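A.B. asks: So that we are looking at the same thing, I have put the structure below in structure tokens.
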Amino acid sequence: MVCTCTQQNYNLFIGALFGACVYDKLNLAAFIISWVSIVIQFIAQYPQIRLNFIMKTTEGLTPVYVYSFLICDVVGIVSLFMLKAMITQFILQFVYLVQDSYLAIQIFYYRNSTKRVNAQTTVNKLEGTIYFIIVSLLIELCGIYGVQRSKHLKLFPNEFQLCYSRTQENKTLRITGTVLSYVSVPFIATAFLAQIIKNHKTKQMEELSFVMFSTFLLGGILQTVSIILDIVYYNNLAKQVGFLLVQVLPILANVCVLIQFYVFRKKSK
């Protein structure tokens, strides 16, 4: 993963830890914001996965929502590869794929073999402490590794290969990747439309995680900002506009779902 860049003024820590070339403040801002978004999105679906596991049900989620996201994840990864997008976009899409795959497994398992369980779903102090310790250790280990490897990279740059290039020279791959980035958009729209319609019909939100949708909203906003900064830096609007739509649509849809949480919970009281 450690690599060196063609220009000399690149960020050694990021090159050593993430294998990416970051040169100036704008480039660095896009990278940091994108990684904050990844962390947030990584956390986002866990509350829903946890809720499904505790209650032994996935009735709150419509299968169309999860399966449409799965298709979008696969198409998105292929498109990102063809267009040579930001490394952080690859990582985020992979996070989506893993989490959505787990949700799909839960839907298949719980709807075919178990019954709903009424149980306490709030996070207790012990569980919260364990999460905090795990996250802290991961951050510390990444920091230590990055510092040590960046020192080695500075002293012996010739030992490492050049970092991943963002330029796609193959016209066929560039066009195909761009088309696929737009193909993801209707699947995203279908996923959220199906979930919003289901929520409206049932007017029940107890089996959905408010934290998941609110965290998705925040992560989506940050990722959108990161993509916009990348567009400004590389002047690559044509390459990124499809991925931009894939982030903007969920932002709007998550706002709708959060409004449903507020309205339906208020009515139930």
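Placed from the backbone N, Cα and C atoms, the Cβ positions cover glycine too.
Annotations per TrEMBL:
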TRANSMEM  26-44  transmembrane segment
TRANSMEM  64-83  transmembrane segment
TRANSMEM  90-109  transmembrane segment
TRANSMEM  129-147  transmembrane segment
TRANSMEM  208-229  transmembrane segment
TRANSMEM  241-264  transmembrane segment
A.B. asks: Excluding the flanking five residues on each side, which residues at least 6 beyond the ends of the transmembrane segment (26-44) place their CB within less than 8 Å of a CB in that stretch?
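C.D. replies: Residues packing against the transmembrane segment (26-44) from afar: 11, 14, 18, 20, 86, 88-89, 91-92, 95-96, 99, 211-212, 215-216, 218-220, 222-223, 225-227, 229-230, 232-233.
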A.B. asks: By a Cβ-Cβ criterion of under 8 Å, what residues six or more beyond either terminus of the transmembrane segment (208-229) are in contact with it?
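C.D. replies: Same-chain contacts beyond the flanks: 26, 29-31, 33-34, 36-38, 40-41, 43-48, 50-51, 60-61, 86, 88-89, 92, 199, 240, 243-244, 247-248, 250-251, 254-255, 257-258, 261.
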